[in-house]
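Q: Residues or ranges marked as substrate binding site by Swiss-Prot: 91, 101, 129, 219. Residues or ranges marked as site 'Important for catalysis' by Swiss-Prot on the basis of sequence analysis: 136, 187. As annotated by Swiss-Prot, Mg(2+) binding site applies to 219, 243, 247, with the evidence given as sequence analysis. Marked as NAD(+) binding site by Swiss-Prot on the basis of sequence analysis: 277, 278, 279, 280, 281, 282, 283, 284, 285, 286, 287, 288, 289.
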């Protein structure tokens with residue numbers, strides 16, 4: 001198993017180092033990591049946030065473990081050269097159209113949630129977000145002057161039926177592997193794009209008679225996520241709505257330092273990363289929480305490498321470490337990044 005290791009910027013090298021430590025402890029010599037530059041670190045050396053060498057490595061690897069991108073020293077660059085463009089480029093080049101973001105409340109961390117205990121207890125959901133279409137990629141887009149010489153910005157929200165079909169199937173398959181309940185979230189009372197979305201999802205539902213499908217408007221879904229998050233198991237939605245709702249769900253369960261993600265293509269190749277950013281303000285200080293990256297490694301084992309038992313083992317070790325009181329600063333503790341990794345390592349054994 002060959003893994004492309006893209007540590008990136010900010011806290012990326014620190015948190016990926018802990019994930020690699022755990023993965024090697026679980027899998028041993030069967031897994032090998034090939035490092036490459038990406039983001040601001042790559043731009044400083046090559047002049048590109050996504051060098052051809054890095055892209056080639058990713059295409060030839062079994063999976064990608066990604067740290068973070070984002071560097072204030074690159075804020076002056078034009079959009080195409082900014083570190084954040086690297087992740088967009090990888091999604092496009094590898095056709096990583098399906099983003100899976102679990103949001104699970106660890107019982108040991110109920111006090112970290114901003115929601116009341118009786119509301120948030122039992123929250124364990126998965127958001128399946130379409131990642132390569134919608135308003136983020138639709139054209140035309142830009143800025144111009146209107147007929148009265150006023151500045152205006154414009155974007156295009158667009159989906160075709162094939163894009164909706166393939167993400168819907170991922171949603172149904174994910175629901176089938178869990179509780180059998182899927183909620184499709186759209187804005188079909190207003191948007192033509194969402195009307196197509198709902199129509200196609202209903203068509204695909206005929207292929208999954210064992211999965212119970214419901215629909216919800218995105219504004220109501222946002223309210224329901226903070227009112228009664230335990231009503232959801234699997235959510236499938238578009239790029240824009242998924243971007244917003246997944247961040248909201250992450251806040252419901254506590255620190256974003258706990259939440260992993262997977263971005264998959266139709267062949268099962270995936271990019272695995274924590275949902276948080278590069279946090280340049282604490283880079284190199286040993287304050288970052290590595291658990292989201294460690295859990296991203298577990299998702300990599302499950303979805304791309306088909307090692308379910310190993311993934312379960314890592315997730316159980318994280319839970320055990322938290323149960324024994326392991327806490328980094330974001331969780332109200334004093335552990336360093338490496339100490340948290342060592343706590344998970346000890347729990348493995």
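Glycine too: its Cβ is placed from the backbone N, Cα and C atoms.
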Q: What is the interatomic distance between the Cα atoms of residue 277 (NAD(+) binding site) and residue 247 (Mg(2+) binding site), given in whole Å?
A: 12
Q: Do you know offhand how many angstrom separate residue 287 (NAD(+) binding site) and residue 243 (Mg(2+) binding site) by C-alpha?
A: 26
Q: So which of the binding-site residues is most packed in, judged by how many other Cβ atoms lie within 10 Å of its Cβ, out of 219, 243, 247, 281?
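A: Comparing the binding-site residues 219, 243, 247, 281, the most crowded Cβ belongs to 243.
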Q: Can you tell which of the binding-site residues 247, 279, 281, 283 lies nearest to residue 91 (substrate binding site) in space, using Cα positions?
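A: Nearest candidate: 247.
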Q: Measure from the CA atom of residue 243 (Mg(2+) binding site) to the CA atom of residue 283 (NAD(+) binding site) and give the result in Å, rounded to a whole number.
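A: Cα-Cα, rounded: 25 Å.
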Q: Can you tell me the CA-to-CA distance separating residue 279 (NAD(+) binding site) and residue 219 (substrate binding site), as a whole number of Å?
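A: Cα-Cα distance, residue 279 (NAD(+) binding site) to residue 219 (substrate binding site): 30 Å.
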Q: Which of the binding-site residues listed here (101, 129, 219, 247, 285, 289) have a Cα atom within 10 Å of the Cα of residue 187 (site 'Important for catalysis')?
A: 219
Q: Taking only the Cα atoms, work out how far residue 285 (NAD(+) binding site) lies from residue 219 (substrate binding site), in Å, as a whole number.
A: 39
Q: Substrate site residues 91, 101, 129, 219: biggest Cα-Cα distance, Å?
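A: With 91, 101, 129, 219 as the binding residues for substrate, the largest Cα distance is 27 Å.
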Q: Within 8 Å of the Cβ centroid of the Mg(2+) site residues 219, 243, 247, which other residues of the same chain have their Cβ?
A: 218, 222, 240, 241, 242, 244, 245, 246, 248
Q: Using a 10 Å cut-off, grab the number of neighbouring Cβ atoms around the Cβ of residue 289 (NAD(+) binding site), all chains included.
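A: There are 26 such Cβ atoms around residue 289 (NAD(+) binding site).
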